[in-house]
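Noted in TrEMBL for the protein shown:
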{"type": "BINDING", "residues": "178-185, 225-229, 279-282", "note": "GTP binding site"}
{"type": "COMPBIAS", "residues": "12-31", "note": "compositional bias 'Low complexity'"}
{"type": "DOMAIN", "residues": "169-337", "note": "domain 'Tr-type G'"}
{"type": "REGION", "residues": "1-65", "note": "region 'Disordered'"}
Amino acid sequence: MEDENRRPPPRRLGGPSPLAARKPVPAPAKKGMNPSDRKREGRIDVQAAIEGDDDRGRSLASVRRARERERRQAELARLRSGQERVVRDVIIPDVITVQELANRMAARAGEVVKALFRMGVMATITQSIDADTAELVATEFGHRVRRISESDVEQGLEGEADTEEALEPRPPVVTIMGHVDHGKTSLLDALRKTDVAGREAGGITQHIGAYMIQIPSGDRVTFIDTPGHEAFTSMRARGASVTDMVVLVVAADDGVMPQTIEAIRHARAAAVPMIVAVNKIDKQGVNLDRVRQELLQHEVVVESLGGDVQEIQVSATKGTNLDKLLEAIILQAEILDLKANPNRAAEGTVLESKLDKGRGPVATVLVQKGTLNQGDIVVAGAEWGRVRAIIDDMGIPLTGAEPSEPVEILGLSGVPGAGETFVAVEDETRAREITEFRQRKAREKVTAAAGAARGTLNDMLARIQAGEQKEVAVVVKADVQGSSEALGVTLGKLSRDEVKVRVLHSAVGQITESDIQLAKASNAVVVAFNVRATVQARELAVRDGVEIRYYSIIYEVADDIEKLVRGKLAPIQREKFLGYAQILQVFEVKKLGNIAGCRVTEGVVKRGAGVRLLRNGVVIHQGTLSTLRRFKDDVKEVANGYECGMSFANYNDIRVDDQIECYETETVAAV
């Protein structure tokens, strides 16, 4: 019986097991219990909640917090009522970020986001809004609005003009120019007592070099060394545009050469004085009068011929008359009375730029106004940054650079274009505004150029697909911006009517995987000028069969790519003259037609060669020599002075005294 009593009751279908955990059911409120009793028990029933007679009390801490909150709100309202609202002049450009708008209004960014939300604009603090929306927000906050156009961000960038009292003497900037291999770098080495020329690939300068030296008199002079190779025209133009004077180096044995003439034109275009340094006077058999006469042909009249251009005869290798050259430079500088204000924001020009693996973007700049200090925020072209380091031409770190000093600066966000101006600005906000505007303009310019060239490009691609025009695609990576620019110009000149040389991409820095991928997609050659590929890029190039060609001398690049162009040109059919024959008699043969009995009067005639039939000096037929016999024998050729019989394929109108010209064609490679 006890076992039966302990047995659980039978489980009902569809219902929960009696053994399942059940939630405790609150006991019903006792009849007649008042609300305070229910509160003490900590329970409330549904009926009481509906009837609203639940008056459960708040805790003492909750009451204290509420009273403290009310007190603070009342105090804040009292302070706000007695405080005058600050009304600001808010400058709004065409496009502005929410965060920047908040900063200009001295408001919290969250409040600006809420105001935009009330207007129906969903935006985060990093997003940009247009000028109209920004004006509505600023007006709602009670500020005055001043609208400016996007290009106005560059207004006042160069600062005010310097007064005469603020100007101080500065060192002269001298650009060394001349033809390739005339001794420009060797002359600078002799002045600096260095050996830059010995380290140049192929013995030619391919970068702009900037150096400051102190001469025995105590004066300082800045020298800019420009390349003499024809590919570096833009570099020479940049060197002439930032200089105070030009030292034109002319080799005494070579005289005036093409790049000498170009340097004269650059100096005239920049309206700067010129000093002629006739180098290599230590060589035997030099004729200085010939050099002077050649200069005279280009309107450069030296003092010995009654002109105003100083002429100094020097020898870079022997060190001859270098002191006289420095004296001439200092004399010219005194005449020019060179001055600048060092106590202002720095301005200058980017001479060269590169991407260094360990240091990042590096720009070689020439300070022209003000003093550039470490920590300054500078804008260089479409790039900006805080100057992390200033390094002189000897590799010594500096804290600042004054006017006429050439230095390397580190800290820019990217590689600026060579020849761009740089200027120090007051804060990062201004720097960002200027660079964003310039980058936008650059993108618009590229887009417009691409749209204008789209028709030409489509025509070219159609010709390539039809086989009418072939293409040599090239990806260029160089060590510095100037070399990259020069390579692009040089390769563009190698295009022919049948073969187009197309530079897909040109930049500075190491060869990366993206360069290899671009080259593979376009079947292009990668040209590496004084740079190397990363390990990953090399492995990818080997796997995908992309050719990387390494160079250190620019004319080797031009020669190799020109060979590729020639290889894609269709071979030329060249005609080779064989000989003449005179028709003495005409025979009619039924199966062969008319046979010409001839005598070879010059050269040789060959069976199967091409022939032209000349009558009274006029070509009346051009065809093939189908039959050639001597007596009854078929022969391959007949030499001068021998008689033979000839017949032409599908042609019988031959007469006595007609002349036969015999020739053959050969296929040769296009030049």
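Even glycines carry a Cβ here, placed using N, Cα and C.
Overlay of TrEMBL annotations on the structure.
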residue	record	Cβ neighbours (10 Å)
G178	GTP binding site	29
D181	GTP binding site	18
K184	GTP binding site	31
T226	GTP binding site	28
I281	GTP binding site	18
Integer average pLDDT (0 to 100) for the domain 'Tr-type G' (169-337): 79
Local backbone state of I281 (GTP binding site), from DSSP in three classes: coil
